[in-house]
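> In case it helps, TrEMBL gives these features for our protein:
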TRANSMEM  A:28-51  transmembrane segment
DOMAIN    A:90-305  domain 'ABC transmembrane type-1'
TRANSMEM  A:96-115  transmembrane segment
TRANSMEM  A:124-144  transmembrane segment
TRANSMEM  A:178-203  transmembrane segment
TRANSMEM  A:224-246  transmembrane segment
TRANSMEM  A:287-306  transmembrane segment
Amino acid sequence: MSDRTVDRVAEATPERVARKIRGLSDRAIAWIFISPTIFLLLAINIFPLIWTIQLSFTNYKANRIGREVKDVGLRNYERILTDSDTWLNMQATAHFLFWTIFFQVLIGFTLAWLINKKFKGNDLWTTIIVLPMMLSPAVVGNFWKFLYQPQIGLFNYIVSWFTGKDPSSFEMLGSVTLAPWAIVIVDTWMWTPFVMLICLAGLRSIPDYIYEAAEIDRASKLRQFFTITIPMVLPFLMLAVLFRGIENFKMFDLVVQLTGGGPGSVTELTSINLKREAFEKWRTGYASAYAIILFVTVFGLASIYVKALNKVKQR
Amino acid sequence: MTYTKLASASAIVLAATTLSTKANAEDLTLCWAAWDPANALVELSKEFEAESGHTMNFEFVPWPNFADRMLNELNSGGKLCDLLIGDSQWIGGGAENGHYVQLNDFFDAEGISMDDFAPATVYAYSTWPKGTPNYYALPAMGDANGWFYRKDWFENPEIQAAYKEATGQDLREPQSQKELLQIAQFFQGREIDGKTVYGAAIFTERGSEGITMGVTGALYPWGFKYENTPGSYDMEGAVNSPEAVEALEFYKEFYKTATPPGYTNSYMGESLDAFKSGQVAMAMNWFAFFPGLYADPNTGGDKIDFFVNPPQNQAGSTLGGQGISVVSYSDKQDAALEYIKWFAQPEVQAKWWELGGYSAHNSVLEDPGFVDSQPFAGDFLEAMAGVQDFWQEPAYAELLLAMQKRIHDYVVADQGTAQEALDLLIEDWTEVFEDEGKL
């Protein structure tokens with residue numbers, strides 16, 4: 001804004017308003033500006049959270065408007081925590097989280113490291129690699145469902161080509177042992193590029209002169225990798241793990257498309273179970289307690305992780 | 001009165017009538033699932049539009065999302081649907097939660113009698129509490145789970161000879177559940193016309209209601225009951241009776257030994273695909289799809305035939321079908337009731353059957369020509385005489401999802417025994433009924 005414009009605004013401001021603004025402290029003006037945001041935050045995040053906590057102690061069902069709502073104390077929490085199915089869902093989620101993050105970090109970092117090497121066409125390869133990430137999880141789920149089809153699926157044919165097994169002799173989505181891995185494979189295929197991009201940003205942020213200094217000191221390539229590359233990329237890697245961890249903890253659409261939580265309940269992640277309880281069985285009070293338990297779990301784990309991340313960044 | 005005067009007076013009366021009809025004309029929305037019968041209803045409803053002056057709009061939702069979408073609409077008091085053809089299991093919740101208008105007074109005033117409809121359909125689609133004369137829907141679409149098979153394969157002399165050699169019996173429409181399995185196992189992995197084919201497509205879907213609708217097709221013929229005494233919720237000894245355990249083991253054996261690879265999460269669509277693509281000798285599905293299957297140029301016509309779900313210890317078929325209800329949140333209830341009045345007429349019901357819908361009206365079902373009107377008409381009548389439905393409680397969704405889980409865990413995921421699955425199911429259902437204050 002030019003000085004002339006500022007003068008015009010000042011002249012146009014009624015004396016009464018100007019006097020009022022001049023009388024406000026910086027703190028008060030700050031509050032005026034941030035209060036709409038705080039109001040929205042309270043309305044959208046805090047109020048529902050408090051309401052959810054309150055509902056978690058009741059037998060409320062959102063589809064039974066006329067039904068008497070009773071206070072059931074800690075019964076919902078007790079039921080959830082003593083239900084063996086809850087722990088099986090937690091295990092399925094932990095398995096999914098651990099292996100997807102493990103493979104995505106491993107492959108993502110490797111790809112980033114390779115792409116970071118100067119070679120002809122690396123931009124093209126980067127574009128090709130990031131394509132899966134751009135697709136909708138629902139589309140990816142359907143697409144891979146066909147790939148895993150024992151009779152016509154390409155995946156089974158490729159495996160059978162390597163192993164000599166009949167393609168229709170194994171079912172990736174129908175087998176209790178293979179179905180969790182089928183989901184891990186698809187999620188890894190889809191989201192490894194995301195980890196790769198973050199790692200690539202980390203690798204490209206390392207100044208060349210550090211490597212040049214290491215060369216002068218005659219440090220081996222392996223030594224350079226472990227003493228320069230890994231420590232400097234580590235905060236980026238940890239950030240990628242945080243993003244993927246949070247995303248995969250609430251994974252829903254991809255798994256629903258691929259297995260619907262089956263076979264049986266082996267791929268029923270906590271998010272799928274929570275949706276069933278809340279919007280299919282309509283046990284709102286019970287589902288609220290479930291949501292609170294998950295919230296506390298994620299919040300606790302994320303807090304510990306962020307502390308560790310900050311420590312790494314400070315080094 | 002001269003001819004000119006008479007003509008003028010008639011024109012004025014006609015114009016006045018048209019104007020008055022137009023003034024009361026409403027835009028009605030009918031909600032249902034997106035499937036073949038819904039298209040037939042669109043065609044049928046054109047007559048209603050012409051007669052009444054109302055406009056009909058349709059909101060059809062694919063089956064996998066139908067319950068979610070429509071129950072959310074009802075639970076939120078939405079005004080999208082004036083008329084809803086809702087699943088039979090919803091009737092308890094629809095009535096108790098005030099989603100549906102009670103139709104008794106309307107039926108009395110308009111002379112619509114429930115005695116004019118097949119008793120099984122009135123009981124299943126219209127009444128709440130069950131069996132009482134409190135009506136919340138008019139039976140709209142009779143349906144049951146049945147079977148269809150490759151008639152051309154069954155009539156092939158080479159295949160017939162091979163079956164005789166393998167089993168010592170003639171290849172025919174199965175007369176029992178065990179014979180059904182035997183035939184399916186015979187076809188499993190067999191090469192026909194240079195292609196490997198499989199026994200039968202059955203329901204194994206996990207997410208909504210698929211495997212429950214499939215497995216009850218075995219449970220009912222074995223004599224499965226939900227309660228020892230109707231209305232008592234005493235399930236011990238009924239749900240997990242030795243017959244029920246045997247039936248559940250049978251369904252698992254069927255799944256493991258006589259279905260195509262990869263059909264671990266299959267329902268209506270997958271069953272139709274398996275049959276139409278020439279993969280299976282037999283398939284289970286709802287009668288509602290049979291007109292479309294018969295009309296299929298590749299696997300329909302003289303290549304297909306139909307049979308009712310075979311008995312074992314008794315006859316028994318899984319009930320499908322729906323009643324048509326007026327949604328209590330609609331602002332156009334009068335026009336919606338007009339539609340129901342029109343739909344209940346015998347001549348409209350006859351046209352409904354002709355177009356591919358399954359009428360439950362006695363005038364249609366008891367017509368001497370009905371059995372021969374379609375190749376599956378006789379089987380439909382037989383099936384409807386022995387249908388059983390899932391719990392129609394307001395908490396049916398909780399009860400259904402519990403069964404989905406326990407059955408899928410046992411049949412597809414191979415976990416535990418049939419006895420354990422049914423024992424756990426009783427525990428789940430007991431918890432639901434305790435929450436409901438019914439136990």
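Note: Cβ is positioned from N, Cα and C throughout, glycine not excepted.
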> Any contact between the transmembrane segment (A:224-246) and the transmembrane segment (A:96-115)? By contact I mean 3+ C-beta pairs closer than 8 Å, pairs at least 6 apart along the chain.
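Taking Cβ pairs at least 6 residues apart, the transmembrane segment (A:96-115) and the transmembrane segment (A:224-246) are in contact, with 3 or more under 8 Å.
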> Quickly jot the same-chain residues contacting the transmembrane segment (A:178-203) by Cβ under 8 Å, restricted to those at least six beyond its ends, or write none.
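Distant contacts of the transmembrane segment (A:178-203): 92, 95-96, 99-100, 103-105, 107-109, 111-113, 115-116, 126, 129-133, 135, 137, 140-141, 144, 148, 170-172, 229, 232-233, 235-237, 239-240, 243-244, 247-248, 251, 254-255, 258-259, 262-263, 266-267.
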> Can you tell me which parts of the same chain pack against the transmembrane segment (A:96-115), counting only residues 6+ beyond its ends and a CB-CB cutoff under 8 A?
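Cβ under 8 Å, 6 or more out: 122, 125-126, 129, 180-181, 183-184, 187-188, 191-200, 202-203, 229, 233, 237, 240-241, 244-245, 248-249, 251, 267, 269.
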